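S.K.: Handing you a structure now.
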Amino acid sequence: MKRRLDDQESPVYAAQQRRIPGSTEAFPHQHRVLAPAPPVYEAVSETMQSATGIQYSVTPSYQVSAMPQSSGSHGPAIAAVHSSHHHPTAVQPHGGQVVQSHAHPAPPVAPVQGQQQFQRLKVEDALSYLDQVKLQFGSQPQVYNDFLDIMKEFKSQSIDTPGVISRVSQLFKGHPDLIMGFNTFLPPGYKIEVQTNDMVNVTTPGQVHQIPTHGIQPQPQPPPQHPSQPSAQSAPAPAQPAPQPPPAKVSKPSQLQAHTPASQQTPPLPPYASPRSPPVQPHTPVTISLGTAPSLQNNQPVEFNHAINYVNKIKNRFQGQPDIYKAFLEILHTYQKEQRNAKEAGGNYTPALTEQEVYAQVARLFKNQEDLLSEFGQFLPDANSSVLLSKTTAEKVDSVRNDHGGTVKKPQLNNKPQRPSQNGCQIRRHPTGTTPPVKKKPKLLNLKDSSMADASKHGGGTESLFFDKVRKALRSAEAYENFLRCLVIFNQEVISRAELVQLVSPFLGKFPELFNWFKNFLGYKESVHLETYPKERATEGIAMEIDYASCKRLGSSYRALPKSYQQPKCTGRTPLCKEVLNDTWVSFPSWSEDSTFVSSKKTQYEEHIYRCEDERFELDVVLETNLATIRVLEAIQKKLSRLSAEEQAKFRLDNTLGGTSEVIHRKALQRIYADKAADIIDGLRKNPSIAVPIVLKRLKMKEEEWREAQRGFNKVWREQNEKYYLKSLDHQGINFKQNDTKVLRSKSLLNEIESIYDERQEQATEENAGVPVGPHLSLAYEDKQILEDAAALIIHHVKRQTGIQKEDKYKIKQIMHHFIPDLLFAQRGDLSDVEEEEEEEMDVDEATGAVKKHNGVGGSPPKSKLLFSNTAAQKLRGMDEVYNLFYVNNNWYIFMRLHQILCLRLLRICSQAERQIEEENREREWEREVLGIKRDKSDSPAIQLRLKEPMDVDVEDYYPAFLDMVRSLLDGNIDSSQYEDSLREMFTIHAYIAFTMDKLIQSIVRQLQHIVSDEICVQVTDLYLAENNNGATGGQLNTQNSRSLLESTYQRKAEQLMSDENCFKLMFIQSQGQVQLTIELLDTEEENSDDPVEAERWSDYVERYMNSDTTSPELREHLAQKPVFLPRNLRRIRKCQRGREQQEKEGKEGNSKKTMENVDSLDKLECRFKLNSYKMVYVIKSEDYMYRRTALLRAHQSHERVSKRLHQRFQAWVDKWTKEHVPREMAAETSKWLMGEGLEGLVPCTTTCDTETLHFVSINKYRVKYGTVFKAP
């Protein structure tokens, strides 16, 4: 089973990676569940130095069944034990793997007894276990994700080891093999055992707990009374653990205490103590293998994801340099093979590749990549220490050198403790035995305590002697401290190497010997003026590790760098640069090759064009390089021809061979002479008089050979460009054909409208409202002229179908030429068979003399066979605001959808042809007016330059030629590729819409065949014709409600007819010259009431309501006894009835019709009934109105007269009432009050009374103007 490493990492580290192109291949070595050789451990006794150790073997006792073998191949990675490790530990390498162990004091008699023994883990163990989890829970991915979350929480120290055991046991309930297999990753002293009753026994250092798999809290049990030595399978630990040493203190940011005195002991923690609470933690060793990167500086636990992270980081960093990545894999593979051979030989074999050599090779491979090399150094800490010791470089000397390729960290310019870098911290042993503890937070800016001993404490040799000489030479402690400050700011990359030399020149300038040694030590050269910081070179690939998708956005092309990103230093910036230059926003391009959208990727034809251009460019570079070398050597040859023989013998060339570039000529010669190029170049420099003519002849010969090849390639490239140019521009054609075939399927068209219908139903149910009424689809027929072209193509294909009967062909012809134009308010087509008479042959049967025709009908049948001779839709063609109504089944619906798509695509091609005609005319007009050139249609520049073949079709004939090509494609006279190429030549990138024209027409013909042959389809057509005679299939929109009863009857009949399939309501609406087709899927499922009595009552109610004669004799009798009408209304009704009777007697029916012609009415008032209460509710925005056209004019004319008469009647009533009820004194007081007089306490004001006329009536208008109110003091 092959595995991608990033698959294992992505659930936990999804936010840390941006994108890994392709699969992250595993390292090429055989996957093994367990190491074949016994693991080798180290024990440190109290009498030993930390750099030495005793090696001994322990027979492994692994549970092989818990870790099934996998056949996948993976690279070296961490197999980390998830433990609560909170104090630094000594690291000692051995062979190919580093096993970390803590030594505790023990009696001298048994130095080995009491040592913590544990197994060696590899990344293969962890990945195999994950494989088993995936396989076991393949249908439950959440379980796998929960397991990774548990591991992530443990890594962040959110839970302790017992908590992990409890959660894993609960998660893998019912899978004892997985629970037991987790023992492989537990620290010594912990063990899980599954009982038969689903109880889980957990052995911890000092106690045994039982955990039921249903999640009950652990129950402590007495510890075992017989201490036993733990095996590699994490056997139970002794009841009394060994005393623990105190936490080691960090003496330097990158150093780790290797050993502490055994006399200092602290009691162990309880087994279930939190890992965060006390400073002293229980002893939990950590197992590290090759490829391990534990973050030990912050005392964080280790897990195998770190190794996978590191592998992915390397591959991302060297994406453009796959050779480096492959070389790295080869180094690890070779080292692992050597270690395997050494183990199998049992100590009789000495590995050819040691850890130091592995580190040195990787260091050369990852030069200038400080972070990668530093992190790799964590996997080989002793090799790293050996390299550092071999260099014998003090810490501050390393800072001076600014060598970022090693693992030495620079001091920080703050008083805070050094934090781990982005890629992990680094571990380095002190070269001597033990170091007294120092402060954890060194104040690095305080340089007053700096001394030569501090500077050279970890180094020796000439570097230490140099600092001693500098201190003695400067004599002043302050000057020496300032010198050290210069080194510190250089170490922080605040200044460059050249600036450092300038800063220390006042100190060392007086001592040339020291100054020269210092510059040589820095690698400083006088000619180097511009320098690239190693830190910047080391972080070239950091951009690949930033997750830009989660960063702040500015538009679609820019992302803001995270605040945690460390900006590179720049010493050349001025304050103005810092103010105006951008350090936050970075460009975030979206490459077409990396895009997940198919439409944005390059097509195969674009790739062909690009490949041609790449090949052309590459050959041009070869030719121009060769030509440049020829010119240089020709100049040298001319120069030599003017020299004497002695001068020629003395003449020499430099590395540029007489030119200006060394690289160009060297590449040209290497291309020809390959491995012998170095000898040729050496001969040209030392003896040009002999070598130049020979090399020049060879170069010219190659020039002719390559020029000839270029001419041959130009023909090939031109053919490929001509073949793929138009196809490369068409980025939609490839996907369009495949997708359009799916869209045109009957099932897709039905699913489209059914999904819209279901969405409406669900929305109405959620909102607890009625289902909205209206069409589900609205389609447009923009040009009626296209209907003729569509009908011609369809009939053309129908005639050539031998499976369709003669009568059915004629019915289809009538539908396309008569019925469809009537529905769409277009002019009918001609049924004459002129085309058939011209194309088809007449076969005379000699025996009977009968006339036969192939693939068609033998002439137009008599008029009696016409299906659509006279329809009401014909009369609506020239009118506006009209509609046609047609209830159809599935076949008719699919046909109308396909027909609309066909008309739409024909219209787009026709419109494009018209646009190209206009562009051609404008171009000719411009050439004639501006350039004074008058050219023919076929005299385009491309044709004259023979870059394009002249076309047989003029631009004006593009659309007719397109229709002819469609007919030829339907007949099989041309293939689809030729058809598509011709379309691209005519319509360029707009031609893709017609690529599936043949499939579309074939689908239409299949539906037409069903329409004329299927029984239900024929009945649908017959029902339309029958209801058309009754006036129920359309008319004017403003009189639609007058036909509502007829249309409802038509709908009920259609629903009954199509009870077994969908029923669609098609409305063809013509408004302002545009034809719109609306389609509504009707709900034909009848809701049967549970109570038959209620159903009967509802039916009776509807019938009585719809009946015009709703007044029963009983109701009339009841109303006569107890009238509920106003007498005046009864009088008006009787008067109208008498007037109607009188008109009928006088026979004035003609005048009545004439009177009704001058009336405008709208009957669109709608109402709904609530089934529960029979309550009628009017629909919003529905209304009725009726008025005579002369009523408004008559109202204007009589308005004044009527207004005066009404006012006089009202005024007479008011005067009469006032005379009876209002005395004169009250009327006088009212007049005074209106004028602001007569009453005290009124606000001072001035009132005026003016007489105005409003609506032909005189009125009094009072205006009040208030004065200022003065208050008494």
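In case you wondered, yes, glycine gets a Cβ from its N, Cα and C as well.
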S.K.: For the annotation region 'Disordered' in Swiss-Prot, which listed range does it cover: 1-23, 1036-1058, 1105-1127?
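M.R.: Swiss-Prot lists region 'Disordered' for residues 1-23.
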S.K.: I'm validating the feature mapping. Which of 39-62, 87-110, 1191-1214, 1239-1262 is tagged region 'Disordered' in Swiss-Prot?
M.R.: 87-110
S.K.: Do you know which of LYS326, LYS469, LYS999, LYS1065 is annotated N6-acetyllysine by Swiss-Prot?
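M.R.: Swiss-Prot annotates N6-acetyllysine at LYS469; the rest carry no such entry.
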S.K.: Write down the single range among 153-182, 753-782, 903-932 that appears in Swiss-Prot as coiled coil.
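M.R.: Result: 903-932 is the stretch Swiss-Prot calls coiled coil.
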S.K.: Hey, which of SER421, SER1089 does Swiss-Prot call phosphoserine?
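M.R.: Of SER421, SER1089, Swiss-Prot lists SER1089 as: phosphoserine.
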S.K.: If you count Cβ atoms within 10 Å of the Cβ of SER1112 (phosphoserine), leaving out that atom itself, what do you get?
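M.R.: For SER1112 (phosphoserine), the 10 Å Cβ neighbour count is 10.
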S.K.: In DSSP terms, helix, strand or coil for SER1112 (phosphoserine)?
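M.R.: Note: SER1112 (phosphoserine) is coil by DSSP, not helix or strand.
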S.K.: What are the helix, strand and coil residue counts for the domain 'PAH 1' (119-189) according to DSSP?
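M.R.: Final tally across the stretch: 50 helix, 1 strand, 20 coil.
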S.K.: Looking only at the region 'Interaction with SAP30' (458-525), what are its DSSP counts of helix, strand and coil residues?
M.R.: 51 helix, 0 strand, 17 coil
